[in-house]
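Asks: I am attaching a structure below and will ask some questions about it afterwards.
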Amino acid sequence: MATKIIYFTVNGRPEQAEFPVDCPAQDVKDLFRSAAEAGPHDILKLYNPKGNIINISPSLEPNSPNSCYKLEVVAADCNSDPLGAELAGALGFDLSSMEKRLQSLEKKILFEAGETPAVVYEMKKQVDSFREKLESVEHLSWLGLFKDLSEGTHKPSPFYHKRTLRKTREECEHVREKFLQMSSLEVSEEVRQYLKTPTFDNWQWEDAEIMVLLQVMYTDLDFIATFNIEPEVLQQFLFEVYRRYNNIPFHNFKHCFCVTQMMYGLIWLTDLRSKMDSVDLLIMLTSAVCHDLDHTGYNNVYQINARTELALRYNDISPLENHHCAVAFEILERTDSNIFRNLSVDQYKRIREGIIKCILATDMTRHNEILSKFKFILPAFDFTNKDHRDVLMMILIKVSDISNEARPMEVAEPWLDCLLQEFYNQSDVEKLEGLPVTPFMDRDKVTKPSSQTGFIRFVLLPLFIELANLFPCLEHHIIDPVRKALDYYTEMEKALEREKKNWAQSENAAKSKEVAVGRQDSQTEAGPEASKPDIQ
């Protein structure tokens, strides 16, 4: 059986893992969890020699002892007692030491045998199957315990076009349970600092882990203490938000996180905590969290042209953005998920007004109007002026909403692929329904580079540059990466044009050759007499 050997360090201690190339992903994660002596709900991340987070999976690239990966427990339950301390006392032995003994035995078997024996994999498989049945049956009878439940568990496909638009109850409950198990974890200082930067990579974090990071943002901005937000209410709020983002390629829960994380990073980078009060910061962060709730993957143009329920309800005026606001306040109307429930009436009124203003500002049809206002007040911008602050808050959520190109290319480019998939889906439906086709979404006319060069040049850069005029520190953090992205897509566009031109020339040459061969064949068939001149 072919195996892989992965060399890595844990707290500076060298380790190595060996597993079959077809090893199940969960077994690989369990192997690394064992090496780190991590709890079952701790969050582990693996870093390559460049310092980038990489996925712990069977597809890990084999390395050498000189190019070790680094394994870290980035979030652990630091407040809990030793594992099973109370139960251990009742049973008369230490469960923690037993767990460590089992982990060392597992490593010893791996070291001495050279690979994990097949019998261990079989035992793990049986235990997992047994555990799944325990979790799936309603009554723990022997009949129920051993009945075949394989057909009753529906696992959604990872491909969006094969998933239901709304998240299933099972999908939500699985993530909810995982999040609640992780919610008391103490996230490492390294990750907390990384979370404040525009270079943060969302792709290596699962939904439950993302909810933990959102909880960290509310905590580190002192919102929990300042606004008396109970932890369980914040957790329920974040879960309801997760539940109300749909299974679509781009405007999904991960996009919600990216926009919120960029907003969070901008608050720290520009030191807004010293310039604006906590209520404004709470408005901005919560607006980012809620800004695309229940998006179905079809923009306002489609909603209006198709005369959807949303377009009719909101009289064609920002139907999506109005809907996102309405869903946000549906969640906040519920006592168990109302993070503002301990605020005064005046504070709540101000926050509601601010969130509505921010979310409605994300309608791109208002882009020029909002940017013009900001440019007008910029020369004499005054943080004590409420109107000035309101416009800045709208600019900040706009920047955050379309900030993917300010991230490293390996983070940004997959997001563009997701966006184009959503665009192409809409234009396909428009064609099928006989509606006007949105030009920048038409798969027959738009390419990856052509979709970006104009957008970056005429929308992104002018917006980002104006914000950097107020906060010069952002030049390095968000404008330089966007300029690099423009260069990247401009070169890609030129390469595609050259390829298209070469292809056209090849086609023309091939056609000319066919015509020449055809003439020669005709003359050959007609014989030598056909080529003689006709003499009268």
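For all residues, glycine too, the Cβ spot is worked out from N, Cα and C.
Nobody curates TrEMBL annotations by hand; they come from automatic prediction.
Pulled from TrEMBL, these are the listed features:
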ACT_SITE  H251  active site, proton donor
BINDING   H251, N252, F253, K254, H255, D292, D401, Q452  AMP binding site
BINDING   H255, H291, D292, D401  Zn(2+) 1 binding site
BINDING   D292  Zn(2+) 2 binding site
DOMAIN    168-496  domain 'PDEase'
REGION    500-536  region 'Disordered'
Asks: Other Cβ atoms within 10 Å is the metric here; tell me which of the binding-site residues D292, D401 scores highest.
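Replies: Of D292, D401, the one with the most crowded Cβ is D292.
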Asks: Starting from the Cβ centroid of H255, H291, D292, D401, which together make up the recorded Zn(2+) 1 site, report each further residue of the same chain whose Cβ lies within 8 Å of that point, ordered by sequence.
Replies: H251, C256, V259, A288, H295, T362
Asks: Might you list, by sequence position, any residue in that chain lying six or more from Q452 (AMP binding site) with a Cβ less than 8 Å away from its Cβ?
Replies: E405, L416, A485, L486, Y489
Asks: Rounded to a whole number, how many Å is the Cα of H291 (Zn(2+) 1 binding site) away from the Cα of D401 (AMP binding site)?
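Replies: Roughly 9 Å, rounded to the nearest whole number.
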Asks: Name the residue among the binding-site residues K254, H255 whose Cβ has the smallest number of other Cβ atoms within 10 Å.
Replies: K254
Asks: What is the Cβ neighbour count of N252 (AMP binding site) at a 10 Å cut-off, with all protein chains included?
Replies: 21
Asks: Minimum Cβ neighbour count within 10 Å among the recorded positions H251, H291: which residue?
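Replies: H251, out of the recorded positions H251, H291, has the fewest neighbouring Cβ atoms within 10 Å.
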